[in-house]
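Q: Below is the structure I would like to discuss, written out as structure tokens.
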Amino acid sequence: MLSPNQTMVTEFVLEGFSEHPTLQFLLIGCFLTLYTVALIGNTVIIALVTSSTGLHSPMYFFLCNLATMDIVCTSSVLPKALLGLVSEENTISFKGCMAQLFFLLWSLSSELLLLTVMAYDRYVAICHPLHYTSRMSPHLCGALALGVWSICALNASVHTGLMTRLSFCGPKVITHFFCEIPPLLLLSCSPTYVNSIMTLMADAFYGGINFFLTLLSYGCIIASVLRMRSAEGKKKAFSTCSSHLIVVCVYYSSVFCAYISPASSYSPERSKVTSVLYSVLSPTLNPLIYTLRNKDVKLALGRLLSSFSH
């Protein structure tokens, strides 16, 4: 409850990178470049998968979903961050902050689940190749994608709804470049016990159970690959999985640093660095990691470009 001398905060101030004014133009250039590459790269992936019949397979279907969430993730963070870098004071309304929090949580949790689904897809393809078509049917793939989007939208709604129930009566400076759970909880002047419990439960699911399932899939994949007699088969299997494994390692390590630690030990500087990794760098690198070394995607891109030239 607010006391008579307290007033409800109607807007927040995003601290951003104001403590490093000498890096302003460097950060603007970097963020603008990364955002442009992320938008173009992920849009190209979506266009290729939807227009090329050769890419109508479960692996590329899930990659298309991942590209969509990458666009949502970067678009919920970078435009406001860029605006803050060129403004004297970067304010965001309470409703705007909650909207940003929802779309960020939705996209981040969706990407984590999609990485697990993609690991399972590779597990079936490598460990049970003869049953791949029947196991990864279009119906199942559609159901998995719909389940990921729905579960993560529910997760984001719960956390955002709990955040709107808190009282914020000052200070109103968020020590971050976007609205995130840990710095927001530190600003609340009402009990945050329920929020903390729900955050821990989400951490246990996405960072614990989900991560374990991903590791389990790759454990089975590695064991199956090592049993292969063909050196060429081993090379192809490892090449297919290495890209996904790199993305998983980068993504989970940055998310763990940002979310697994309790709010009381929150470090603004560390959180900003890790947040750049999972909300900016990872969505930018994903299209490059997954497609540059992929022959099918290169062929589809070549056909798409040639169709525009005629």
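In case you wondered, yes, glycine gets a Cβ from its N, Cα and C as well.
Feature annotation from TrEMBL assigns transmembrane segment to 25-48, 60-78, 98-120, 140-158, 204-226, 238-261. Per TrEMBL, domain 'G-protein coupled receptors family 1 profile' is recorded for 41-290.
For the listed features, I'd like the structural context: burial, neighbours, distances.
A: Taken together, the residues in the domain 'G-protein coupled receptors family 1 profile' (41-290) have a mean pLDDT of 87 on the 0 to 100 scale.
Listed by sequence, the residues of this chain that lie at least six past the ends of the transmembrane segment (98-120) yet keep a Cβ under 8 A from its Cβ atoms are 59, 62-63, 65-66, 69-70, 72-73, 76-77, 80, 92, 144-145, 148-149, 151-153, 155-157, 159-160, 163-164, 178-181, 184, 202, 206, 210, 213-214, 217-218, 244, 247-248, 251-252, 255, 278-279.
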Q: In terms of Cβ proximity under 8 Å, which residues at least six beyond the ends of the transmembrane segment (25-48) contact it?
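A: Same-chain contacts beyond the flanks: 17, 55, 63-64, 67-68, 70-71, 74-75, 78-79, 81-82, 85-86, 280-281, 283-284, 286-288, 290-291, 297, 300-301, 304.
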Q: For the transmembrane segment (204-226), what are the same-chain contacts with Cβ under 8 Å, counting residues 6+ beyond its ends?
A: 109, 112-113, 115-116, 119-120, 122-123, 126-127, 233-234, 237-238, 241, 245, 248, 252, 255-256, 259-260
